[in-house]
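S.K.: In case it's useful when we look at the structure, here is the feature table from TrEMBL:
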type     : residues : note
TRANSMEM : 78-100   : transmembrane segment
TRANSMEM : 112-134  : transmembrane segment
TRANSMEM : 206-224  : transmembrane segment
TRANSMEM : 231-254  : transmembrane segment
TRANSMEM : 266-285  : transmembrane segment
TRANSMEM : 306-330  : transmembrane segment
TRANSMEM : 350-373  : transmembrane segment
TRANSMEM : 427-448  : transmembrane segment
TRANSMEM : 460-481  : transmembrane segment
TRANSMEM : 487-508  : transmembrane segment
DOMAIN   : 517-566  : domain 'Cationic amino acid transporter C-terminal'
TRANSMEM : 520-538  : transmembrane segment
TRANSMEM : 544-562  : transmembrane segment
Amino acid sequence: MDQLKSTDNPPKGENTKSYWRCSKHDFFPEKSFQSWAAYRSALRETPLRVRDRFVGRSDDAAELGAVRKRSENEMKRCLTWWDLTWFGFGSVIGAGIFVLTGQEAHDHAGPAIVLSYVASGISAMLSVFCYTEFAVEIPVAGGSFAYLRVELGDFAAFIAAANLILESILGAAAVARSWTSYLTTLLNRPPNSLRIHTNLAENYNFLDPIAVVVLIATSTIAIISAKKTSYINWIASVIHSVIIIFIIVAGFAHANPSNLSPFLPYGVKGVFQAAAIVYFAYGGFDNIATMAEETRNPSKDIPLGLLGSMSIITVVYCLMALALSMMQKYYNIDRGAAYSIAFKDVGMKWAQYLVALGALKGMTSVLLVGALGQARYTTHIARSHIIPPIFALVHPKTGTPIYATMLLTVASACIGLFSSLDVLASLLSISTLFIFMMMATALIVRRYYQRGVSTKPHMLKLVAFLSIIIASSIATSAYWGLSHQGWAGYVVTVPLWFAGTLGIQLFLPQCRTPKVWGVPFVPWFPSLSIATNLFLMGSLGSEAFVRFGICTGVMLIYYLLFGLHATYDVAHDNCEETDQELYIEKVSDMEKAAVKG
């Protein structure tokens, strides 16, 4: 036993692997990829493996233990609720409020843009409740991916993983493009003057090298240290808060209430169409959940950081949107740099530069915190082997996942170089809304179903009621999106949603209660979160669904060719690294038992 210990688990500094490595084994250590014959054999078993992974589940202990150890080095527990609160500000207040507010007020909502922020804010807060309970119970870097893997299974977790990576890449690209737009305003130059004009297709014909530079710079800072990134974000967010207070106060000081008329120029439909797009402005709070593994006291710090920051941000967004709507008529609002141009038009030309500077700072913080949080998502996804496990490695000195950060940065830079914000925002919103809907579903499953405890009739009832909730929510969303008038459809769909939720409350006892902090009014809050997220998805245009469908199709092809077989091998111990890890853990447990004996 001592010999095994000295061979398989050498002392620190002896025969340890270098962090900087790039062999085939580091990317594909699983049995299915060791030879072409093995891979062909795996492909022949695809239907069997799909069924296996569809019903496969992880558990809290595995996510907190064996899965986390696949990063080889621990992330440093160095963050407090104070860090998380300012991370909340830094990750959320950026391109969404400064760019999308003007765009959606001009195109879809008019002065009622404030109602769009209220609607999307309510939906976001419901999702925040779900994230908070999971983050306290399962404090790992995987965020929603880890939570869905435990409650809904590996296949559902893959769908989340694919959308999380897509959201991370597109979100960073969108914010980086907006960064360049506000820089042109700060320099008092025409729009797109800092971009390279090409003959490519529309929406892809303005190359943005500045966006690439900004992405690389913020990712480099995030790689150095989570705590140092927190210090930088805290200082920058304080400055940003001062500028936001100025925007609200000065905006109301120059307000003209007559600009609020007509309040609904595009009707109620326009309000929710805008709400679905500006939901992007609330995106990023889930990055706080990925910080759980680096938080000193998750059970206390995460609820304070998440709920505190998001409550304040919702109020700030509504006040900023109302101030803008009262400064200008909605049809005069600039789509690219709304606040800067609005102050210029009311005679505060100097203020446009202050606003542009604040927007730049805000977007820089979003990119900085995004690089930090999104890399944690990717790290935990790689720990499951859905993507190559080399991206799960944590650097021993910095305590940060450098490979994962580099992966997202390169992908975001490539997309940000070509794609316009219009293309990115709708696709990003639908991806975010879809994940949050899955999270609310997982929360209900966690409360009302427990493997090994719940009976089969209990499970079937839960599936039936959840199906009613989801189906009625989809029907409500579809009726809203396709019908231009009338209310007859809602008389059927809304009572069905109510009946499904009430059925869970009356006929299913809760199998699990939160240890420290839990979502109130279960199942009503998570059920309402499902409905609102699906409703906002239905408010998006058909192009967003087409792009979402294409991206999902590409992701499924990747899963069937690579991700499925890698995760199957890991689950069934057909991976060299997993075998060795489990063996060492078994030996360690035997030694501990011997000591106790």
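Just so you know, glycine gets a Cβ as well, placed from its N, Cα and C.
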S.K.: For the transmembrane segment (427-448), could you work out the same-chain residues 6 or more beyond its ends whose Cβ comes under 8 Å from its Cβ atoms?
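M.R.: Residues 123-124, 126-127, 130-131, 133-134, 144, 147-148, 150-152, 156, 159-160, 163-164, 166-167, 170-171, 174, 276-277, 279-280, 283, 286, 454, 462, 466, 470, 504, 508-513, 519, 522-523, 526-527, 529-530, 533-534, 536-537, 540, 544-545, 547-548, 551.
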S.K.: Do any residues, 6 or more residues outside the transmembrane segment (350-373), come within under 8 Å Cβ-to-Cβ of it, and if so which ones?
M.R.: 87, 89-95, 97-99, 143, 168, 171-172, 175-176, 178-179, 182-183, 185-186, 214-215, 218-219, 221-222, 226, 229, 232-233, 236-237, 239-240, 243-244, 246-247, 250, 284, 286-288, 290-291, 337, 339-341, 343-344, 405, 408-409
S.K.: With pairs closer than 6 in sequence left out, are the transmembrane segment (266-285) and the transmembrane segment (306-330) joined by 3 or more CB pairs under 8 Å?
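M.R.: These two segments touch.
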S.K.: Go ahead and report the DSSP secondary structure tallies for the domain 'Cationic amino acid transporter C-terminal' (517-566): helix first, then strand, then coil.
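M.R.: Here the numbers are 40 helix, 0 strand, 10 coil.
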S.K.: Where else in the chain does the transmembrane segment (487-508) make close Cβ contacts, counting only residues six or more beyond its ends and a cut-off under 8 Å?
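M.R.: Non-local partners: 444, 448, 458, 461-462, 464-469, 471-473, 475-476, 479, 523-524, 527, 531.
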S.K.: With the transmembrane segment (231-254) as the reference, find which of 78-100, 112-134, 206-224, 266-285 contributes the most Cβ pairs under 8 Å.
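M.R.: Highest pair count goes to 78-100.
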S.K.: Do any residues of this chain, six or more beyond the ends of the transmembrane segment (112-134), have a C-beta under 8 angstroms from a C-beta of it, and if so which?
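M.R.: Answer is 101, 104-105, 143-144, 147, 263-264, 266, 270-272, 274-276, 278-279, 281-282, 285-286, 288-289, 302-303, 306-307, 310-311, 314, 317-318, 321-322, 324-325, 330, 436, 439-440, 442-443, 446, 514, 517-520, 525-526, 528-529, 532-533, 536.
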S.K.: For the transmembrane segment (206-224), give me same-chain residues lying six or more residues beyond its boundaries with a C-beta closer than 8 angstroms to one of its C-beta atoms, as numbers and ranges.
M.R.: 172-173, 176-177, 179-180, 183, 192, 194-198, 232, 364, 367-368, 370-372, 375, 398, 400, 402, 405-406, 408-409, 412-413, 416-418, 420
S.K.: Cβ under 8 Å to the transmembrane segment (78-100), counting only same-chain residues 6 or more beyond its ends: which ones?
M.R.: 174-175, 178-179, 181-182, 226-227, 230, 233-234, 236-237, 240-241, 244, 277-278, 280-285, 287-288, 291, 294-297, 300-302, 304-306, 308-310, 312-313, 316-317, 320-321, 336-339, 359, 362-363, 365-370, 372-373, 421, 425
S.K.: Do any residues, 6 or more residues outside the transmembrane segment (266-285), come within under 8 Å Cβ-to-Cβ of it, and if so which ones?
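M.R.: Apart from its flanks, the transmembrane segment (266-285) reaches 88, 91-92, 94-97, 100-101, 103-105, 107-110, 112-113, 115-117, 119-121, 123-124, 128, 131, 167, 171, 174, 306, 309-310, 313-314, 317, 366, 369-370, 373, 425-426, 428-430, 432-433, 480, 484, 535-537, 539-541.
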S.K.: Restricting to the domain 'Cationic amino acid transporter C-terminal' (517-566), report the mean pLDDT as a whole number.
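M.R.: Within the domain 'Cationic amino acid transporter C-terminal' (517-566), the model's average pLDDT equals 87.
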